[in-house]
């Protein structure tokens with residue numbers, strides 16, 4: 001029965017296809033002549049077409065909130081990139097070229113350019129931060145599992161507030177930077193790496209270790225953000241040359257410094273109550 | 001039969017529907033019209049075995065239990081078999097999760113000091129962690145499907161459940177530093193076993209330059225569960 005077999009195995013090559021998150025790619029083949037009765041096979045075909053319609057609707061509604069194909073760009077990383085980027089986040093002083101390479105009007109995947117933002121490091125750093133916070137609380141006998149959820153949700157809330165504030169100020173200053181909201185989430189998530197280093201130092205070496213390493217990471221993330229955002233926000237000013245000192249450019253410079261300065265503040269705010 | 005012959009013979013003129021006069025047919029009383037109508041059933045074709053509604057419940061349960069048990073064996077001796085991946089099921093992870101949550105019930109739930117996880121907290125940590133790992137692996141470009149990955153991660157909690165049983169036994173016998181060292185060693189060994197077992201299944205679906213990226217969240221996940229087991233105190 002070709003009709004039922006075709007309805008069961010709809011080819012997923014059309015560009016308007018729902019994101020393939022929930023597809024079952026386990027069994028390679030389905031037994032063909034499953035039901036000999038024509039009415040049952042019609043019912044099976046109708047059922048499978050209903051199921052695929054439902055999956056499309058779910059996929060479309062997910063796609064409206066979270067652009068899954070766009071997200072895949074931020075996860076196109078590999079181990080070498082992650083290693084180099086972590087080193088860059090902790091020591092950005094010697095890096096010279098901060099421009100993201102482009103390829104036919106779209107930025108290159110993070111795997112090929114260390115300057116491109118990614119979402120793997122922020123997500124993993126966020127989760128590791130929540131776990132290390134739980135560990136820190138546990139060594140002070142202040143731990144209970146619901147505190148893990150509390151830490152996670154408060155850190156997430158601060159992240160969302162920070163991204164919204166930066167988006168709002170970018171809108172008010174009317175900067176036409178190619179900074180999407182997901183880029184901002186990625187940049188804001190990079191400070192968690194410094195926070196984890198500071199917390200681990202606090203666990204191993206006490207308060208002095210915590211303050212030393214945290215200040216180092218604060219300076220590092222400040223320099224990193226300034227150099228990355230300068231290329232995006234001040235792109236037009238850079239094109240005009242070093243003498244382009246209009247009021248708008250000054251405003252943009254202040255904005256860049258403010259966004260970069262917000263990071264060390266938040267790093268301290270979210271960690272100091274965990275270290276004794 | 002007479003009506004049918006009538007319709008057939010009137011083919012030259014008006015079109016009369018076949019069997020039009022069947023309503024008028026009556027059967028006399030003395031012709032026995034009784035018997036059995038049986039449809040000849042051929043040999044059992046394999047398609048008809050897919051209907052499992054008619055078998056006794058014991059067969060269904062035993063089949064599922066055997067499948068779960070076979071997967072447990074695959075987890076304890078992780079060879080390169082694809083049985084865990086091909087027919088995934090979530091019964092095993094559910095049983096293990098419930099066992100873990102039940103056995104981790106320590107002090108009274110409403111004491112404000114250092115208490116263990118509530119039943120629901122264990123569930124949330126295990127399933128939310130498994131979902132995050134699966135999403136991460138899919139976004140990194142893995143070829144494994146959503147439920148297959150959940151199945152593998154859930155089944156690989158088995159060594160840690162065994163470690164929890166051993167820890168409870170040790171705590172029953174003695175609760176001093178030697179007992180703590182034994183518990184630490186057992187939990188660390190089972191943690192390594194769980195991580196190795198799940199990476200043997202999950203890391204194969206990634207190209208070699210991304211294997212470490214997929215292993216790291218799995219390492220974190222089993223680390224959290226091991227931490228909960230190690231800090232368990234009745």
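Residue numbers in this text run from 1 along the chain shown.
Positions of Cβ are set from backbone N, Cα and C atoms, glycine also.
Per TrEMBL, the features are as follows:
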type     : residues  : note
COMPBIAS : A:1-19    : compositional bias 'Low complexity'
REGION   : A:1-26    : region 'Disordered'
TRANSMEM : A:119-138 : transmembrane segment
TRANSMEM : A:150-172 : transmembrane segment
TRANSMEM : A:184-204 : transmembrane segment
TRANSMEM : A:210-230 : transmembrane segment
TRANSMEM : A:251-270 : transmembrane segment
Open item on the list: Pairs of Cβ atoms less than 8 Å apart decide it: which stretch in A:119-138, A:210-230, A:251-270 has the most with the transmembrane segment (A:150-172)?
Closed with: A:251-270
Task: Candidates A:119-138, A:210-230, A:251-270; stretch with most C-beta pairs under 8 Å toward the transmembrane segment (A:184-204) - done: A:119-138
Open item on the list: Using a Cβ cut-off under 8 Å, which residues of the same chain at least 6 positions beyond either end of the transmembrane segment (A:119-138) come close to it?
Closed with: 71, 74-75, 77, 82, 85-86, 89, 147-148, 151-152, 155-156, 159, 182, 185-186, 188-190, 192-193, 195-196, 199-200, 202-203, 274-275
